[in-house]
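Notes for the one structure printed next.
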């Protein structure tokens with residue numbers, strides 16, 4: 001056994017040779033108890049956490065099977081989490097975010113002579129003849145030494161991590177953007193030279209002198225407006241794209257340099273502030289929706305309120321008529337007429353109107369034909385009974401907000417059995433009172449079924465009897481005194497003598513045993529009859545089973561309990577299947 005254990009505990013092949021592979025000694029019970037106490041203190045925070053070989057704290061709540069090292073790896077068996085962390089030799093090496101494929105790079109100059117090991121067709125070193133993409137020459141570069149192709153640049157095999165693969169700007173050269181900036185700067189320079197030429201032409205023609213002459217001093221406003229136009233045109237050219245765009249949250253006027261913020265109107269109340277009652281309409285913060293009417297229980301008319309819930313929009317305006325026409329289009333399409341709400345709405349509207357007219361005419365004709373055949377028009381024309389008698393017996397009481405306080409209450413569902421049947425002057429039914437495992441009447445605390453009600457007097461008698469029963473065992477406890485060892489020994493001797501006398505009087509007790517056996521036989525027969533009756537009832541339908549209300553409630557005798565125990569089937573009994581044979 002020891003040899004097999006040594007083989008089983010041997011380390012796997014390829015283990016470290018410098019580590020001693022002896023299994024650690026078994027801990028004593030005292031050491032084990034101290035170790036467990038230390039672990040509990042560490043979990044509670046009363047003791048400092050254990051430190052691994054790298055100086056990091058080990059969480060005391062980490063299970064032992066995670067933190068413990070296998071004995072064949074580390075015989076010292078010092079707890080650590082190093083074997084749970086990713087091992088550096090197994091980690092993949094990724095390229096940095098700055099690495100990218102080279103574009104348009106000529107690493108070597110074009111060769112003038114054929115080199116050994118190069119392509120026989122074009123003379124490039126980076127591929128062989130069968131991989132050459134150039135047109136096959138009549139005489140290859142190997143033999144002519146002419147027109148040797150340059151070597152292709154072999155792109156590096158890059159492997160990026162998760163972020164490197166998704167970096168949109170990796171490999172982007174910022175110098176390319178400078179070309180666009182230079183192009184725009186050249187366009188601006190050309191615009192300015194054109195403006196300078198126009199100003200020189202205007203000065204030469206004399207248009208600017210006329211504007212500044214004293215004869216036109218009365219029209220200073222016109223000159224100012226002209227200069228403003230020039231400045232505005234310059235501003236428009238410079239800020240053509242920047243100023244005309246509205247920034248988020250504000251409108252920017254490039255002419256007046258004024259910012260106007262798009263703020264919410266003060267009168268526009270938030271949905272959740274319309275009714276602060278927590279039992280009012282529910283506001284969903286994720287979708288910002290309040291489907292029900294927040295003023296539902298306030299007595300306000302939904303038409304007079306500024307906001308009546310999001311569902312209010314579904315039942316107002318043309319929404320219902322639109323839904324009815326859509327339903328009619330589906331039904332008409334099923335019956336063969338090709339109509340569609342979006343494709344041909346006019347045709348569908350006319351068809352729906354003609355259908356409604358025909359439907360009303362058909363209903364009116366059907367009603368007239370029934371009245372002509374059977375009569376009874378006078379009953380339809382008669383006013384309702386409430387108007388004839390000018391009163392009703394329905395009493396309804398409303399609150400200030402319009403909710404019903406009294407009246408129109410839901411009727412309590414009754415069962416098919418008789419309920420609330422009170423007999424013998426009782427004010428409560430049988431089973432309304434329970435005490436010490438017995439059912440009774442609540443009105444008089446009587447445990448006898450079909451008894452006459454005694455009222456409050458019966459309650460007082462029952463309470464006094466209960467108090468007397470509680471006092472008697474207390475008195476008995478006070479009377480009893482602790483017995484000495486001598487008295488206990490004498491009582492045991494007397495019991496032994498009584499047993500000897502009983503053996504002599506066995507002949508007298510034989511008659512009593514016969515009586516007991518007869519009672520047991522009767523109880524067994526009654527138990528068998530009861531089991532047969534239960535079997536017959538269980539075979540009936542649930543709705544046809546009799547109601548078990550008239551069952552006699554009394555304490556079973558010892559013979560009945562013995563018969564029940566003898567006839568009771570135990571499913572765990574191995575001989576249970578042979579009982580009925």
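Glycine residues also receive a Cβ, built from the backbone N, Cα and C atoms like all the rest.
A TrEMBL annotation is a machine prediction, not a hand-curated record.
Under the heading compositional bias 'Low complexity', TrEMBL lists 1-16.
According to TrEMBL, the compositional bias 'Basic and acidic residues' annotation covers 22-43 (among others).
Per TrEMBL, the feature compositional bias 'Acidic residues' maps to 233-246.
Sequence annotations record features per position, and here TrEMBL assigns compositional bias 'Basic residues' to 495-504.
Secondary structure by DSSP for the compositional bias 'Basic and acidic residues' (512-524): 13 helix, 0 strand, 0 coil. Residues annotated as compositional bias 'Basic and acidic residues' in TrEMBL: 512-524 (among others).
Taken from TrEMBL, the feature compositional bias 'Basic and acidic residues' covers 536-545 (among others).
When the compositional bias 'Basic and acidic residues' (552-573) is classified with DSSP, helix, strand and coil residues number 10 helix, 0 strand, 12 coil. According to TrEMBL, the feature compositional bias 'Basic and acidic residues' maps to 552-573 (among others).
If you look up TrEMBL, you'll see 161-432 marked as domain 'Pre-mRNA-splicing factor SLU7'.
Summarising the annotation, TrEMBL assigns region 'Disordered' to 1-97 (among others).
Annotated region 'Disordered' per TrEMBL: 205-252 (among others), in sequence order.
Look at TrEMBL and you will find 490-524 (among others) tagged as region 'Disordered'.
Taken from TrEMBL, the feature region 'Disordered' covers 536-581 (among others).
Across the compositional bias 'Basic and acidic residues' (22-43), DSSP classifies residues as 15 helix, 0 strand, 7 coil.
Here the compositional bias 'Basic and acidic residues' (512-524) has Cβ contacts under 8 Å with residues 557, 559-560, 562-563, 566-567 of the same chain, all six or more residues outside its ends.
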